[in-house]
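Taken straight from Swiss-Prot:
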type: DOMAIN; residues: 10-206; note: domain 'tr-type G'
type: REGION; residues: 19-26; note: region 'G1'
type: BINDING; residues: 19-26, 81-85, 136-139; note: GTP binding site
type: BINDING; residues: Thr26; note: Mg(2+) binding site
type: REGION; residues: 60-64; note: region 'G2'
type: REGION; residues: 81-84; note: region 'G3'
type: REGION; residues: 136-139; note: region 'G4'
Amino acid sequence: MAKEKFERTKPHVNVGTIGHVDHGKTTLTAAIATVLAAKFGGAAKKYDEIDAAPEEKARGITINTAHVEYETANRHYAHVDCPGHADYVKNMITGAAQMDGAILVCSAADGPMPQTREHILLARQVGVPYIIVFLNKCDMVDDAELLELVEMEVRELLSKYEFPGDDTPIIKGSAKLALEGDKGELGEVAIMNLADALDTYIPTPERAVDGTFLMPVEDVFSISGRGTVVTGRIERGVVKVGEEIEIVGIKPTVKTTCTGVEMFRKLLDQGQAGDNVGLLLRGTKREDVERGQVLCKPGSIKPHTHFTGEVYILSKDEGGRHTPFFNNYRPQFYFRTTDVTGSIELPKDKEMVMPGDNVSITVKLIAPIAMEEGLRFAIREGGRTVGAGVVAKILD
């Protein structure tokens, strides 16, 4: 049982550290938690506690992730930090830890490195909306010109991947000094500057209930004398009795009216995000609706078959494929509640994809699925997960 009640007085925001190995992501995570705990309450975290990240499973993929909480004057943050590069790739692609914003940690002594670039690219592909930069290890750089040069390089890199490089907050500091209790500009002051940037630069995310109505169809029943009932968990928004809704995906889009909302055998006048409900649909036949479609606010989402995605292919040890796959590989793509077959086109410079790789692919599905950029999917072969992905760009 939870020991204390979660106080929902402050808005909640999800963030995480990204960046090259050994640039100080975990040290910074510990420093933020420690400095903010002293200022606003909460639990300080030691480096070792964060570094020993527990294993979790997301979509059948094992990921090591550490979760840390902290508060500022205005907000409550949940922060994720991963020990290894592969964990970041998996985490970002599966959306196991959705980030409202990321803190890119870059060592001032080394400047941007290959994983700095790769994490920015991943953030772009998977739809992380905001990046703040913490230029770490500034205590090791005496030359102000060198610092300026590194800052310029980071801004250029962000702009290259369509983040607003020129307007991105860059905080200079030393996570190590801050963690050791240094009260100076590069220590505690830098952490407070970072907290301020988090509060001001990352907007408060829209709550699921404020989104436009969407519910993936899980099951369909026919109730004699009442009509067709569709069950599922409302992903976002609200549906009220009497509202017009659309059935999208797999078949041509049709409109219908919700004439009843039922939860735990009780009739309600509305259902909202997070509710497991049955919706009664007027004049809709049982065979008109199937698992894998979605119910939504009319016009809010369209069905598509052609898209680019960023995918992670499970390694053999993770229960994935034992062999590589090539161009025109045809697995099943599992979106929300159903599998749809599709063919994969690899980038020109990529002859094959090995188990354990991550890669950008182009996919053509044999049936349209209600999708938008940022939608997660699993790649399966005969019901077994062999990969995970996210829709980066819709092409049709």
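Here, residue 1 is simply the first one shown, and the rest follow in order.
Glycine is treated like the rest: Cβ placed from N, Cα and C.
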DSSP-derived helix, strand and coil totals, residue by residue, for the region 'G2' (60-64): 0 helix, 4 strand, 1 coil
Average model confidence [pLDDT] within the region 'G3' (81-84): 88
Positions on the same chain near the region 'G1' (19-26), where near means CB under 8 A and six or more residues out: 47, 50-51, 66, 81, 83-85, 104-107, 110, 112-116, 119, 136-137, 175-176
Spatial neighbours of Thr26 (Mg(2+) binding site) that are distant in sequence (at least 6 apart) but have CB under 8 A: Thr17, Tyr47, Ile50, Asp51, Ala66, Asp81, Pro83
Number of other Cβ atoms within 10 Å of the Cβ of Asp22 (GTP binding site) across all protein chains: 13
Greatest C-beta neighbour count within 10 angstroms, which of the binding-site residues Lys25, His85: Lys25
Those residues of the chain, 6+ apart, with a Cβ under 8 Å from that of Gly19 (GTP binding site): Lys25, Leu104, Val105, Cys106, Gln115, Thr116, His119
Tertiary neighbours of Cys82 (GTP binding site) (same chain, Cβ under 8 Å, six or more apart): Gly16, Ala53, Ile63, Asn64, Thr65, Ala66, Tyr88, Asn91
Distant-in-sequence Cβ neighbours of Cys138 (GTP binding site), under 8 Å, six or more positions away: Ala108, Leu147, Lys172, Gly173, Ser174, Leu186, Ala190
